[in-house]
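Notes for the one structure printed next.
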Amino acid sequence: MDSATTSGAMELVAALLRGRVPPELMGGDGAEGRALVATLAAAVLGAALFVLWRRAAAGKKRKREAAAAAVAEATEVKARAAKGGEDEKAADDGRKKVTVFFGTQTGTAEGFAKALAEEAKARYDKAIFKVVDLDDYAAEDEEYEEKLKKEKLALFFVATYGDGEPTDNAARFYKWFTEGNERGVWLNDFEYAVFGLGNRQYEHFNKVAKVVDEILTEQGGKRLVPVGLGDDDQCIEDDFNAWKEALWPELDRLLRDENDASTGTTYTAAIPEYRVEFIKPEEAAHLERNFSLANGHAVHDAQHPCQANVAVRRELHTPASDRSCTHLEFDIAGTGLTYETGDHVGVYTENCPEVVEEAERLLGYSPDTFFTIHADKEDGTPLSGSSLAPPFPSPITVRNALARYADLLNSPKKTSLVALATYASDPAEADRLRFLASAAGKDEYAQWVVASQRSLLEVMAEFPSAKPPLGVFFAAVAPRLQPRYYSISSSPSMAATRIHVTCALVHETTPAGRVHKGVCSTWIKNAVPSEESKDCSWAPIFVRQSNFKLPADPSVPIIMIGPGTGLAPFRGFLQERLAQKESGAELGPSVFFFGCRNSKMDFIYEDELNNFLEQGALSELVLAFSRQGPTKEYVQHKMAQKASEIWDMISQGAYIYVCGDAKGMARDVHRVLHTIVQEQGSLDSSKAESFVKNLQMEGRYLRDVW
């Protein structure tokens, strides 16, 4: 309805209300005509008012959107200007620049990088510290060298995960850096230090940090202190603090004047805190929300997951088993999400209701309390320097925030204990918390918190007077709940609109006596599929690419080793091979070593594996049952029995794939493979080791381990 039409309608209504009825409307019986006129007047008036309301509402929406866009643009311009101005100021006033790089998977490396930068800013007022995500440092690979040549002093915080791999945000830099041997010596004026984050239980402990440190030295860089080897299996914060204390004297030498008055200044880290505003429920509905879950996003990643419904869920173990393993299918039709065989899926799920209710009780907040959360002040300037991570979307209720974004079940870090101590009203509890976080309390923290696997909520229950405000709780006490990664157990050739997950339930008793239920595995086990209810479960998910891929040539032989849920990617492999065979491809030999406890309890996908054998996608299935029969048999034992066949396949160019537990199974399999190569190839130990390493370098020995 245009403006002319609206105007005409209003004139007609006005005429009717004044009693002036157009003659053309008064045909026939007078009473009937008057009734018709009254009805028409009401209808026209209603339509006109509706149009005016829509126009006013649209105008308000456009104003809100324009205001929001203006604020966003102003904020971005302000940030760019501040960032550029800071760099220019550093160059103009002669202050030295220190770049602090980080490569992080869960946020710990980023947290250490920002914490060090904050403390360094307080120690060295004549230097500027800039914290940089390695992935954001260069838009193109070629820019890495160009930019690094301009750096004089840099600190690297890099984590290692999986099978000695870099984190997602460091992968591009690491690939460029490790493949550039032809650069020679080019970092002559470059000084650096590296701190690594890893877990000593894994075979390639801190591999990424060690490699980066070694190559920096080889290419001319000057190492300030030995590479720091943070061990998350113990207390990685202690490792970080020890490395940091060794670093300060070197930075003092480079960044301080002899008469610097701040030399003896004691630094006390501020407790990070988001700005939180509590709002009424009726106000929450009028505020814009940005959950970053809109399906059809150009790129789905950890920051931009898509919403996927659970289509299928079924138990894979038999009733005779005392454990549980779930087959789950996410429906990705219409989401824009795609995957390849061998990829991983990242799943964001929620803490279970009883855990959330306990957190609400300990914090003292009503579950339905609405609030907004911000990393800046009301005037737009950032809070706490640069140490705060971007907050989660809001407005949100306390219950939903605790369910979706707070890691409540892992053991608290020492920085969390310090934050709790600050807000403990009982002096004795505050002192105890500070002691556990101190160097003097190192052994007790290691025993009472780490070894006992006490969760954050268990620790908070022991210190009930510690009730931090929400802004502190989410910034300094509870880490952000991280996505859980699973090897996709399907192939798009067979299931293009579904992502299959094979998940073992985590349900165990900790040394402190708590029954620990895995956050994601519990959610998966209890998920409601769409085949059972229209009100089905859903989760934000995304795909992470993997190099765990079948050979490009399907005729190349493959050896697969994957007990338990390590079967997952191989189910996808075999679906892919079956599709290739049905398309006329000639398949090479394939053998799969699978293990479980008992064929009557946890032999998952048994019928499917037998079908792959019958259809020719799989040549041989070798089974190992650890709790069936007089002796325990594992996949590595079966490999030793098949040593000759394995060596023959390797000699024919076979690819070897291992999936499953990194701490036990993968190590044992690696040792057996080394023995097979040594004995079957008549090689000494060092040559056998070189042979296996070459297989890895050639991409013929791949591992998907956790």
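The backbone N, Cα and C atoms fix where each Cβ goes, and this holds for glycine too.
Among the features that Swiss-Prot reports, FMN binding site is placed at 104-109, 159-162, 197-206, ASP232, with the record citing sequence analysis. In sequence order, PHE205, ASP231, ASP232, ASP233 make up the list of same-chain residues 6 or more apart from ASN199 (FMN binding site) whose Cβ falls under 8 Å from its Cβ.
Non-local contacts of SER521 (FAD binding site) by the CB criterion (under 8 A, 6+ apart in sequence, same chain) comprise THR326, ARG484, CYS503, ALA504, LEU505, VAL506, HIS507. Sequence annotations record features per position, and here Swiss-Prot assigns FAD binding site to ARG484, TYR485, TYR486, SER487, THR502, CYS503, ALA504, GLY518, VAL519, CYS520, SER521, TRP706.
Residues annotated as domain 'Flavodoxin-like' in Swiss-Prot, with sequence analysis given as evidence: 98-248.
Across all of the domain 'FAD-binding FR-type' (303-551), the predicted model scores a mean pLDDT of 96. Feature annotation from Swiss-Prot assigns domain 'FAD-binding FR-type' to 303-551.
Under the heading topological domain 'Cytoplasmic', Swiss-Prot lists 54-706.
Summarising the annotation, Swiss-Prot assigns transmembrane segment to 33-53 and lists sequence analysis as the type of evidence.
Highest local Cβ density among the binding-site residues GLY107, GLY162 belongs to GLY162, counted as other Cβ atoms within 10 Å over all protein chains shown. Per Cα geometry, GLY162 is the residue among the binding-site residues THR104, GLY107, ALA159, GLY162, TYR202 nearest to THR502 (FAD binding site). Here the binding-site residues are THR104, THR502; the one with the fewest Cβ atoms within 10 Å of its Cβ is THR104.
In this structure the alpha carbons, written CA, of THR104 (FMN binding site) and VAL519 (FAD binding site) are 21 Å apart.
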